[in-house]
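Since the structure comes first, as structure tokens, the remarks are kept for the end.
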Amino acid sequence: MLKGEKVVLAYSGGLDTSVIIPWLKENYECEIIAACINVGQGEELKYIKDKALASGASKVYIEDVKEEFVKDYIFPTLKAGAVYEGKYLLGTSMARPLIAKKLVEIAHKEGAKAIAHGATGKGNDQVRFEVSIHALDPSIKIIAPWRIWDLKSREDEIDYAKKKGIPIPVTKEKIYSVDNNLWHVSHEGGDLEDPWNEPKSDLYDIITPPDKAPDKPEYVLIEFEKGIPVKVNGKALEPVKLIEELNAIAGRNGVGIADLVENRLVGMKSRGVYETPAGTLLYAAHKELEYLVLDKETMRFKDLVSQKYADLVYNGLWFSPLKAALDAFVEETQKNVTGVVRLKLYKGNVINAGVKSPYSLYNQEFVTFGKDEVYNQKDAEGFINLFGLSLKIKALMEMERKDMDEAVGR
């Protein structure tokens with residue numbers, strides 16, 4: 001047991017972690033250190049310290065890690081081009097290993113023997129938190145109340161919170177599970193659990209619904225240096241400010257909504273609606289620049305790496321040796337990913353409107369349909385003969401066997 005010991009709780013101020021504080025104190029008789037890791041939740045953090053203390057925590061940490069989140073988690077994943085199942089830009093998945101890292105640091109500082117989290121027994125986050133924590137310190141005990149307590153639903157949690165006098169931002173009428181950070185906002189649960197239900201127009205927090213976006217397109221220029229975005233519309237911005245600026249630009253144009261029925265690591269499908277405005281622009285721009293500067297073989301192989309990278313991040317294997325090895329490969333591919341991309345935004349759509357780079361592999365003189373002096377079209381005949389030689393030999397051999405069969409009357 002942990003009677004009298006310190007337990008660090010990954011505290012968000014939401015429904016799950018709000019009821020965990022009194023539950024842990026009741027069942028473990030332990031001291032609760034609430035740790036809120038700020039990855040860009042915004043207004044959610046305004047009263048979080050007072051709320052945690054009122055709920056029974058003895059101490060509260062609020063760690064601002066937004067810059068680290070962007071530099072060490074978002075940008076590497078962006079450079080890798082990692083997208084899970086074609087839509088999900090990994091906003092929650094990237095944040096969890098960073099949160100786990102900070103929880104371990106706080107546990108070491110406080111001399112805590114255990115870390116608790118509010119992830120459910122049906123979701124991916126329990127895996128991400130626990131695998132990451134044990135990759136950093138395998139001696140730390142982990143408590144996952146959702147897997148052991150008698151509260152079987154969010155309705156039960158609401159009733160428990162009311163019984164304990166804990167203020168919560170959720171009602172039984174609006175019961176979405178929301179994860180919010182600098183990179184995205186995710187919505188799950190409630191009426192979204194039926195894939196046939198269209199998301200309600202008031203669901204979105206940071207994106208204007210496309211049908212309500214401006215009737216005129218807006219252009220945005222994004223400049224990259226070695227795969228990292230550094231300027232927006234010609235203005236150099238620090239990483240966090242850059243994401244915030246692109247969130248505003250894309251959001252007002254209805255850009256960045258992804259509605260996905262995804263395959264969870266634990267074996268079931270789930271439906272999530274994601275708002276990732278800045279991420280949608282950055283991924284689109286980064287890919288257009290790679291089309292211009294990467295050679296064919298590197299680009300094709302990087303597509304394979306991107307998928308594996310996405311799986312590793314989604315599955316909670318951020319601190320794995322394979323992910324580190326893939327980072328080294330990705331870093332090599334980004335040496336020439338420098339240039340400017342112009343995007344046209346219109347009612348939820350992102351359209352490439354121009355790209356340029358000092359490392360461009362595109363040569364207009366070679367591909368022009370007009371007169372040129374660098375490409376002899378007669379050379380194509382020899383190339384075609386060699387390129388198709390294996391098929392030609394196969395056809396000749398089949399014809400020869402057919403003639404032999406006919407000669408012997410087969």
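Numbering starts at 1 and runs along the chain as displayed.
Each residue, glycine too, has its Cβ placed from N, Cα and C.
Since the structure is predicted, the reported quantities are computational estimates derived from the model, not experimental observations.
Taking all protein chains in view, 26 other C-beta atoms sit within 10 angstroms of the C-beta of S18 (ATP binding site). The feature ATP binding site is assigned by Swiss-Prot to A10, Y11, S12, G13, G14, L15, D16, T17, S18, G118, with sequence analysis given as support.
Its Cβ placed at the centre, E262 (L-citrulline binding site) has 19 other Cβ atoms within 10 Å. According to Swiss-Prot, the feature L-citrulline binding site maps to Y88, S93, N124, R128, S177, S186, E262, Y274.
Under the heading L-aspartate binding site, Swiss-Prot lists T120, N124, D125, citing sequence analysis as support. The Cβ neighbour count for T120 (L-aspartate binding site), using a 10 Å radius over every protein chain in view, is 17.
The L-aspartate site is defined by T120, N124, D125, and by the 8 Å test on Cβ atoms against their centroid, the other residues of the chain that qualify are A119, K122, G123, Q126, V127, R128, R264, V266.
Residue pair Y88 (L-citrulline binding site) / S12 (ATP binding site) shows a Cα separation of 22 Å. S186 (L-citrulline binding site) is 18 Å away from A10 (ATP binding site) when you measure Cα to Cα.
Annotation for N124 (L-citrulline binding site): same-chain Cβ neighbours under 8 Å, separated by at least 6 residues, are T92, S93, R264, L265, V266, Y314, N315, G316.
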